[in-house]
Amino acid sequence: MSVSNPEFSESSILRPVEISRQTHPHKKGASIALMFAAIGIVFGDIGTSPLYALKECFSPDHGIPFSADAVYGVISMVFWAFAIVVSLKYVLFVMRANNHGEGGILALMALALRTAPNGSKRSLLIIMAGVFGACMFYGDAIITPAISVLSAVEGLEVISSDLTRFVLPITVLILVILFFIQKTGTEVVGKLFGPIMMVWFITIGLMGLHQVIQNPAIFAAVNPMFAIRFLIEHSLQGFIVLGAVFLVLTGAEALYADMGHFGIRPIRMGWFFIVMPCLLLNYFGQGAMFLANPETISNPFFLMVPEVFVFPLVILATAATVIASQAVISGAFSMTSQAILLGFVPRMKVRHTSDREIGQIYMPFVNWTLLFLVIVVVLAFKKSENLAAAYGIAVTTTMIVTTLLAAIVMRVVWRWNTILVTLVIGAFLTVDLAFLTANLLKIMEGGWFPLLLGAICFLFLMTWYQGRKLLRQNAVNNGIELKGFIDALMQHPPHRVEGTALFLTAHVDYVPVSFLHNLKHNHVLHERVFFLKVSIWDVPYVKDEERITLRDMGNGIYVVRAVYGFNETPDMGQIIELIEKSADLKFDMMNTSFFLSRDTIVSTEIPGMAMWRERLFCWMYQNAGRQSDFFKIPANRLVELGAKVEI
């Protein structure tokens, strides 16, 4: 007989009937404090885009001769990209589509899944879209540290061309140090992120202000006709430049993804009062400088200041890009943790690096994989401008998925009128698709990299998801109904022994294989038996009073369901404590045994996935982290019993 190994849920994501809503009702003072904290985390990526964005827009490779009209056209596109994509789409619309206060592609996917029946085609399409968007985020997590740090260190070339040969070694050294310190956590140094980024934004704002004071005519670029005329006059070349303009928007997704940490209001305040004004001042300042001195296009950001200030600016820019990289690395850790609980990624080691901040985690496998790929990218592409195409495709794809999932939420969850949803989402999608198409024109110049990486990641995640689905089907098809089995067992009960036995199960209605093997080999039944199932709800957090449900089957046998949100980490010690409180049952841990099933998965000709994907799933399953480590089960109280499972 073969049943599946205990996992989190019968379906990939369980829908709670009702759950307390997690919101951020911040008072004014708290909102301001959180706004400054958000400056150091949320806006690092988009805040460092001035280092390379306009430099790429005016690259000679685009084939557009320099002119004042070209400057006005590009700056106009930058202004309206901020207005439409960031301010209107993300800050005012998408951030409303939060999952109990939590943002991000997987949280939005979980919210959209509530609108589709389990197992339906619509449910599968939502899952595939969300997973692909998440996979493209990993491309962003690789390219952001590479292009950001590289562009900052390239400022040394402004000081002297002799320093060019040091750019790559210094960049690699900074990145290696950044990834090596992840295991120690960033709780202490993280307190400096906010002040450093505030200095950064004030600095780039003043740099731009100095330039626009000398040439205030650049403010005429707020007229959208300059952007429209530029695109019409330059046709294909203008469209290619549009793809480069998108670089000013990289990091916009972070405003939504990090919403759960700070809340909507602090992020909106930070964007409208500090970040957007400083960024626009810098971009308009670069444009004003171009009008006065076209030669500054070679490295406009660092040429905005006198030569004596270039080296301090390189230091500040490097610090800002490291902070931006840290934010995206932490985002990769958080998203991977969510993906594990939602059933898309195998269990892997997760270590909390702070006793006070639950969201600060470290994942060794993710960390070292990112470091390897980031170094490969830096050494392969060599210059920040060579990474521009790859960066744009990674981010635009994620943005399009976010727009599509938000459309489902607007129509089905918010019950907006179909015509209104079509108009709003149609407008946003038109802009998103224009940016994507513009970036796809440069697919051979590096745009292939995030697409290849995303496709490989998508294959692994969907293989894991579908493989677990086959295991659940196997358990249902071959399982023994729990109540009937216990009733039959109690008619001729085996010898009862002292102590408590807790069996993890994937299905509360079926007998876990570890229980069957214990009866078969040991011929005993503990005086107290618990069948425990851990389920993940499609909300970020669950209150402790809603976490445990217990059913007494009589004869000292209990069925327990423990529920967690996708931003939480299941903890056996906490579950035991809550069982004791909810049912007045006492546990002696030295007299309690935890039984797990350690299965061997075998690929067969049984209809399911393609044979090569089944073998890939078997390999992933055997190399996944141990359940006992994931649930924090004491090693000296653990009993593992093996079983063979065919898929």
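Note: Cβ is positioned from N, Cα and C throughout, glycine not excepted.
In Swiss-Prot this protein carries:
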TRANSMEM  32-52  transmembrane segment
TRANSMEM  74-94  transmembrane segment
TRANSMEM  124-144  transmembrane segment
TRANSMEM  166-186  transmembrane segment
TRANSMEM  230-250  transmembrane segment
TRANSMEM  271-291  transmembrane segment
TRANSMEM  300-320  transmembrane segment
TRANSMEM  322-342  transmembrane segment
TRANSMEM  361-381  transmembrane segment
TRANSMEM  390-410  transmembrane segment
TRANSMEM  418-438  transmembrane segment
TRANSMEM  443-463  transmembrane segment
Positions whose Cβ lies under 8 angstroms from the transmembrane segment (300-320), at least six residues beyond its ends: 44, 47-48, 50-52, 54-55, 58, 149, 151-153, 155-156, 158-159, 174, 196-197, 199-200, 203, 207-208, 210-211, 282, 285-286, 289-290
Three or more CB pairs closer than 8 Å, sequence separation of 6 or more: does that hold for the transmembrane segment (124-144) against the transmembrane segment (361-381)? yes
Top Cβ-contact partner of the transmembrane segment (271-291) among 32-52, 166-186, 361-381, 418-438, 443-463 (pairs under 8 Å): 32-52
For the transmembrane segment (361-381), find every same-chain residue at least 6 residues outside the stretch whose CB is under 8 Å from a CB in it, and list them. 141-143, 145-146, 150, 168, 171-172, 175-176, 179, 182-183, 185, 329, 332-334, 336-337, 348-353, 387, 390, 446, 449, 453
Hey, would you say the transmembrane segment (418-438) packs against the transmembrane segment (166-186), going by three or more CB pairs under 8 A that are 6+ residues apart? no
Check the transmembrane segment (166-186) against each of 32-52, 74-94, 322-342, 390-410, 443-463 and return whichever range has the most CB pairs under 8 Å. 322-342
Is the count of Cβ pairs under 8 Å between the transmembrane segment (230-250) and the transmembrane segment (74-94), pairs 6 or more apart in sequence, 3 or more? yes
Tally Cβ pairs under 8 Å between the transmembrane segment (74-94) and each listed stretch (32-52, 322-342, 390-410), then give the stretch with the top tally. 390-410
Go through the chain and flag residues at least 6 beyond the ends of the transmembrane segment (390-410) whose CB is under 8 A from any CB in it; none is fine as an answer. 85, 89, 93-94, 97, 105, 108-109, 111-112, 115, 126, 129-130, 132-133, 136-137, 139-140, 143-144, 147, 243-244, 246-247, 249-250, 252-253, 256, 377, 381, 416, 421, 424-425, 428-429, 432-433, 435-436, 438-440, 442-443, 446-451, 454
